[in-house]
2 protein chains.
Amino acid sequence: MPPPDVVLPECVTSAVSESSLLPELIDALRCLPGVGPKSAQRMAFYLLERDRDAGRHLASMMAAAMDRIGRCQSCRTLTEAQLCGICANPKRDQSLVCVVEGPSDVAAIEQATEFSGGYFVLGGRLSPLDGIGPEELELGLLQQRLAAGGVRELILAISPTIEGSATSHYIAEMAAAVKVPVTRIAHGVPLGGELEYVDGGTLAHAFCGRQPV
Amino acid sequence: MPPPDVVLPECVTSAVSESSLLPELIDALRCLPGVGPKSAQRMAFYLLERDRDAGRHLASMMAAAMDRIGRCQSCRTLTEAQLCGICANPKRDQSLVCVVEGPSDVAAIEQATEFSGGYFVLGGRLSPLDGIGPEELELGLLQQRLAAGGVRELILAISPTIEGSATSHYIAEMAAAVKVPVTRIAHGVPLGGELEYVDGGTLAHAFCGRQPV
Ligand SMILES: [Zn+2]
Ligand SMILES: [Zn+2]
């Protein structure tokens with residue numbers, strides 16, 4: 001090592017300059033949900049030391065996905081095709097349409113239920129204060145689909161939050177205007193949930209919505 | 001939707017074919033340590049719906065890092081420069097050399113201690129059954145550095161596992177052959193650790209290694 005008071009020529013300082021790519025990669029990994037500084041560091045070291053091919057593959061899939069995945073022309077879920085796999089599948093009954101907030105809700109319903117109808121993916125909830133109105137959720141497209149006829153039931157599977165309920169209400173009115181029957185999925189105590197751990201609002205709601213057994 | 005028995009022309013089927021990029025991205029994300037199918041799905045949806053710019057940035061940082069980050073010519077830690085920031089820093093005392101298994105150990109020591117010497121990063125532990133011998137850990141490079149003189153203490157900060165201990169022993173002999181003093185970091189009961197939860201081997205080791213107070 002040269003003593004600290006020697007000025008190094010630039011050809012040397014550029015070769016020995018501190019690494020910036022590694023901290024930049026660690027920082028970039030923190031854009032992933034649930035990834036803090038420690039996990040980001042562990043991920044970066046893991047890829048660089050153990051599996052660069054997987055890192056290269058992930059980088060190229062991610063770049064391609066960000067550029068090529070758009071929204072389905074019919075249901076608005078994420079897909080790189082014009083129509084998603086569900087809309088393009090002639091075995092799905094498109095006269096049943098389930099309205100959800102996002103693509104992850106489609107995945108959850110597909111994994112948990114036997115539902116074999118179609119979807120409409122809002123991409124959010126009505127939230128006037130955040131500038132999210134009917135246009136942002138492409139509700140015009142849903143309205144066209146309802147007005148075109150052929151939908152025998154519109155199923156609302158939207159979170160029972162304040163904004164979600166307002167969104168459900170808005171869509172229910174839209175469907176009523178063209179005489180399409182609307183249902184919403186049941187709200188209540190989760191299966192396996194202990195009553196004492198369920199929040200008061202849910203419990204009150206479940207109590208009012210009690211059914212004969 | 002056409003009825004199921006109509007054969008679609010290829011120009012239509014290719015436009016409506018099921019999306020494959022999204023499941024491929026979810027699958028590729030699972031190469032990250034600690035990321036299972038659920039988190040991978042959440043990450044993919046998050047990037048695609050909320051922050052495509054961050055996704056593009058991460059993809060490009062990751063591709064650049066996999067291709068451009070190599071190992072420091074002197075200490076073998078990860079860096080895209082010829083010499084890492086620590087080796088290139090004239091304020092670090094390179095006559096103290098701390099031997100660690102990987103770059104994450106360097107990060108841990110830098111974050112937790114005031115150590116201001118240099119490092120040698122093995123990139124693993126001796127493990128003859130896995131084909132990891134002295135060459136794989138570049139121990140020749142460490143030997144050159146010790147033989148060149150100027151190292152007044154070699155500090156072993158290697159995990160006290162069976163393979164780690166064998167590695168420490170091998171390096172200690174190497175240093176002894178060129179008369180460089182060797183120390184190893186203390187093993188014992190972790191600070192804040194309750195005795196009853198410490199494993200027996202650690203406890204026995206700590207007992208034998210008791211020190212006057
Ligand atoms: Zn679709
Ligand atoms: Zn270095």
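Note that Cβ sites are derived from N, Cα and C of the backbone, with glycine treated the same way.
Of the listed segments B:40-55, B:72-87, B:136-151, TrEMBL assigns zinc finger to B:72-87. Each residue in the zinc finger (B:72-87) gets a DSSP state, and the totals come to 3 helix, 2 strand, 11 coil. On the 0 to 100 pLDDT scale, the zinc finger (B:72-87) averages 94 in the predicted structure.
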